[in-house]
Amino acid sequence: MDETENNTSIDSVEVGPSSPRVVATPRLPIPVMMRETPLSTKRERQALTPRFRRPAPRMIKTVPQTRSIWSVRKDTTPQLVTPHGPQALESPHYDRANKQTFFEQVFQIDEIIGRGSFGEVFAARCREDSRLYAVKVSIAPMRQHSMSKYREAESHMIIPPHKNLVKFYRAWEETDRLYIQTELCEQSLQQYCSVKHALPENEIWNIFVDLLEAVHHLHSNDMIHDDIKPENIFLTKHKICKLGDFGLVINLKNPNDVKSAEEGDSKYLAPEVLNGKPTFASDIFSLGVTILEAATDLDVPSNGDAWHQIRNGQIPERFFVGISSDLRVLIEQMINKEPMKRPTSDALRKHMSIRTRLDSRRRYILSMDMRDGFCNLMSSILVWCMAFLSVVFHPVTRFHEAINNRRSELCAQFVNNQQHTPIQTPETSKVYSESLTGVALRQASQISPFDFSDDENPPHSQRRLFTGPVSRRLNFDDEMEDEEQATCSSSNSSAIETAEDSLSPPKKPVIAVARQGTPKSARRLIPSYRNRSGSQDPTHHAGAGDSMNSSILDQERTDRYLRMRLAEQQLDWNDHSNMIDEAPPPMSCPPRIRRSLRDMPRMPVLNFNLLDEPTKKGKEKPVVEPAELRQRPMRNGIKSLRSRMASFQGSSGDEN
Ligand SMILES: Nc1ncnc2c1ncn2[C@@H]1O[C@H](COP(=O)(O)OP(=O)(O)OP(=O)(O)O)[C@@H](O)[C@H]1O
Ligand SMILES: [Mg+2]
C-alpha cells in the first residue's frame, strides 16, 4: 500500500491559516503503522488509547525514604541552603512563634502547577516583593546525613545565571523538606507540545537555539544536565525557552557528583549511558531527541524495539514530512549512536542555520527583557504614586468619611422623628396618646406634682385633636377665673395627685419644687397672688396679726387653687379619654351636627399682660367671652368649677 496516498486520503489535517505548515504530522492507518514500524506520533497514540483511564502511578526515582533516627530533628527552624552550609533564614514576614512554616507565612500559595518524582511545584506570591515564583517542595522527608540532600539546590545555585536557564532565587530546608524558589514560567515544553502537536518550523528553530544556548552555557561551565527532556524545559509568556530541573546535574569539578551520577529519563537517554557515565555528548543526544519530538510529534518510546530503532537511526521518512533538510540533518547528527560523531554544543552554534538565528534570537530576548523591565518599572512607579496619593489624601478621605457618617446619623434622626409623628386616625390616636401621655405623666409624677413641660409644646397628635371641645374648658367669665383657669390650663399634662394629696395644705418643699418646674408664663401668676394680697394693705409686712392674716389668706388661696387644679385635671383626663369621640367628625356626619361644630368658637389667645397688671376694681375690663360659649350649656365639671371660682372671686372682692 502506498503510504503517501494514505496520508493524503486519511490524515491531512489543516492546522490553520496562520500556520506556515499546512499539513500537520501525518496520521497513518493503524494496520500499516503496526506492520511497518512500532513508532507512532503522540496524536496517533491518543487515538488508540481510551479517553478516560486510570492515571499512572507517580514515578519515583529512588526508593522512598524511611524515617531513621537521623530524621528526627528537634530544631525545625528554617535553614537557608548556601554553598557554604546552612544559615538561619530570616524574613520580616516570618514569625518563629507562629506554628506555620516559613513557606506558608512568607508566601501566598496560588496553585499547584506540577508534580514530579522529586516534589510538588507551587505557584506562590512572595509577600516580601509581591512577585510570583515557582516553589518546589520535596515530597519525602530528606535523610539528615544524605550526601545529596541539597544536591538540586546546590547545583542550581552554583550555575552562573543565564537567560535560557530557569532563574534560581533561594532554597531552604524546614521540617526535613527542601524548598527551592525559582522563576515562574508559563508552561513546560511538554505541555505546550501536547496541546499544539505540530509546531511551525520557525518555533522549532527558536526552541533549538534557546536550548542550545542553555546547554552550551552548562557545558562551558563543566556541567552536565543529564535530564534534558520536554518536562524540564519551560516556556515564558514570550515563548522563550528555559532549561530547568537541575536535580541530576553533574558538576565535573566535583568528584562526588561524578561518582553519584544517575541516569536521566530513559526516553531521552543516550545508549552509551546504559553502560557508562553521562557525558556532554549524552546531553546532546537528549537534546536531539527533544527537538525530534517537538518537530515530528513523535511519541518517544521508553524501551523496546522502537527505543533501539531511534538509536539506530531508523526513523521513517514520514515523520520528517514538512521539515527542512537543515533541521533534519542536525537532528540526525545529534541522535547518532556514536557519541564521538555527535556535534558538540560549540560546533552546533557555529552551524550556518543556527548562527544566523542566534543573533536575531539574542536581540529578541534582549528586547523582551527590556520591555519587561520597563513594564516592571512603570508598574512599581505607579504603585508608589498610588501609595503616595493614598497617604496624602488619607485625611481628606477620613474627613469625607466622617461627614458622611454624620450626615447619615442626622438623616436617621430625621427619619426617626418623622416616624414618631404618624398620621392620626381615630383608631390609633387613643393608643398613641395614651402611651405617650402615660409615660409623660408617670415621669412627671416622680419629679414634681407640677409639670408644664408638655403644655407649651404638646404632642402633635394632641394638638390636632384639641379642637372645638377643648376650648370649652376655658372660662373667661372674669379676670380671677381667667387667672385661675389660665394657671390650671397651663398644667394640662401635670401629674395626677390623689384627692387627699391635692386637698391637703401644701407643704413648703412641694411649692418650692413647683416653682422650679413652672414655666415662665405660669410663674408670673404666682407673684400676682402675692401682690394682690400685699396690695390690700401696704403695711402688712410688719406685725404678727398681719402675718397671721396673710398666712390665712395664703392658705385659703392655696386651697382654692389646688381644688381648682384637681377639677381641671379631672377635666383633662376626661378629655383624654374622650379624645377619639371629640375628634372632628367624618364627612358622613349629619349636616346638623357639622353645622353646630362649625359654629363653635376657636380657642382664644391668653393675654397674660392683663394678669400682670391688676386693674382697679370697677375699671376692670372683662375679658370678652364669646357669646356662644356663654350661652352653651356647660358640662357639669365646668359648671361647678365656675360656681366655685365665682365664690372665690366674691370672697376676694370682699377682702378687697
Ligand atoms: N519554574 C517553573 N515554572 C513553571 N512550571 C514549573 C516550574 N518548575 C516546575 N514546573 C512544573 O512542575 C513539573 C515538575 O517539576 P520538576 O520537573 O522540577 O519536578 P521533578 O520532581 O524534578 O520531576 P522529574 O524528576 O520527573 O523531572 C514540571 O513538569 C512543570 O510542569
Ligand atoms: Mg523534572
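Note that the numbers count up from 1, one per residue, in the order the chain is shown.
Any Cβ shown, glycine's included, is placed from N, Cα and C.
Curation does not apply to TrEMBL; its annotations are automatic.
Remember, predicted model here, so these are calculated numbers, not experimental data.
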Among 1-24, 73-96, 337-360, find the range that TrEMBL records as region 'Disordered'.
1-24
Protein Cβ atoms within 10 Å of K136 (ATP binding site), excluding its own:
23
Could you please provide the mean pLDDT value for the domain 'Protein kinase' (107-354)?
90
